[in-house]
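> Relevant sequence annotations retrieved from Swiss-Prot are reproduced here:
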BINDING   25, 87, 130, 464  (6S)-5-formyl-5,6,7,8-tetrahydrofolate binding site
DOMAIN    226-386  domain 'TrmE-type G'
BINDING   236, 255, 257, 260  K(+) binding site
BINDING   236-241, 255-261, 280-283  GTP binding site
BINDING   240, 261  Mg(2+) binding site
């Protein structure tokens, strides 16, 4: 534990700016009640009943009121952080909040009260076993959720839905490890612990459950991160019109002049609760215009980072040699959908054509101008992302969770291989189970380095 993890800390817990209510939060750390009671007396001029709302003045150093509001005192361990906590709920003006924060710092100087770092209140909740690490991350995810579906999924993670799944897997792995260790420790016994307890069947069940959890986690990660979709193609094929059609608003300038878009225009839209980050880019062509060339270079940078590229073509000309040149430069690992726009000029009905042979691309025929085929394109993007329509009970997950789950999956696959070789590989079987458990424990924070904790909590807002 870092030395600063026990310092008394204070911060404004509400968002910056003006609001009806603002909150200053104090967690007293090692100071405990000996620090809390004098600070309460200095700021409120009276004792506070634990866990009761008291309407009191907030006093300056001379006893004059800075504000009036609600004071709440939560003695340890029954608080958000597990420490003694004081919350002062006043009027949400930035000046009065700063005055109240500074008053707390001045009154608490004697016992070492300092400003909290980003995420430090939630970090303490984790260190004091009020939340596990997956739940702590869900606090930040709930605050940052960009769609209703993401917010509801983050709420389920905060409630412990994801953690319960992980704990159940860990318990099953521990049970299996006990059987293996018993067989290793008592080789002379006539009882075959593994056969008697159907160890292979138990392992198969664990692997099936892990696959289910990983599938749900992928859905949750998609809700959290969304999908980065880059619109690419030659100038004047309708990229800006398609952005406007997908967003349902006039976000980009649309003209018949080639090269109108010289820098990216980005917009996030929701499709079934999934954030789609749509990026309209400069048209790809040879040009002597220095500003346009910079925009084109940025387009290729966006394509390199994309989750999906929509390669727009004019349906009147189809795939031209210039389009072939562009397509040849697309990164091999990025999915590409060929979008033939302007079907309103050709009379071709809007449709989706899936590849008939390996290596072919999905083609979507649409009219961005009329909106024909836009819903088909949205559905195709969700299909590429792997979204399961109507999925219930999904919890939000992060990339580190997916990495840990995949690693655990690989260790269990190795364990299954060793189980088949039984006599020669029992030690390796046990080791793979241990490594799988270690990966699962890292998700909830039961086995996590201080460096990782520092990264996770540094991304929280101050006061949370």
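Numbering starts at 1 and runs along the chain as it is shown here.
In case you wondered, yes, glycine gets a Cβ from its N, Cα and C as well.
What you see is a predicted model, and the numbers here were worked out from it, not measured in a lab.
Show me how these features fit into the shown structure, please.
Residue environment of residue 87 ((6S)-5-formyl-5,6,7,8-tetrahydrofolate binding site) contains 19 other Cβ atoms, counted within 10 Å of its Cβ in all protein chains.
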> If we count other C-beta atoms within 10 Å, could you say which of the binding-site residues 25, 236, 239, 240, 282 has the fewest?
236
> Of the binding-site residues 25, 87, 130, 282, which sits closest to residue 240 (Mg(2+) binding site) by Cα distance?
282
> Reduced to three states, what secondary structure does DSSP give residue 236 (K(+) binding site)?
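Going by the DSSP assignment, residue 236 (K(+) binding site) belongs to neither helix nor strand, so it counts as coil.
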> In Å, rounded, how far does the Cα of residue 282 (GTP binding site) sit from the Cα of residue 236 (K(+) binding site)?
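Between the alpha carbons of residue 282 (GTP binding site) and residue 236 (K(+) binding site) there are 10 Å.
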> Which residues, sitting 6 or more apart from residue 130 ((6S)-5-formyl-5,6,7,8-tetrahydrofolate binding site) on the same chain, put a CB under 8 Å from its CB?
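The answer is 77, 80, 81, 82.
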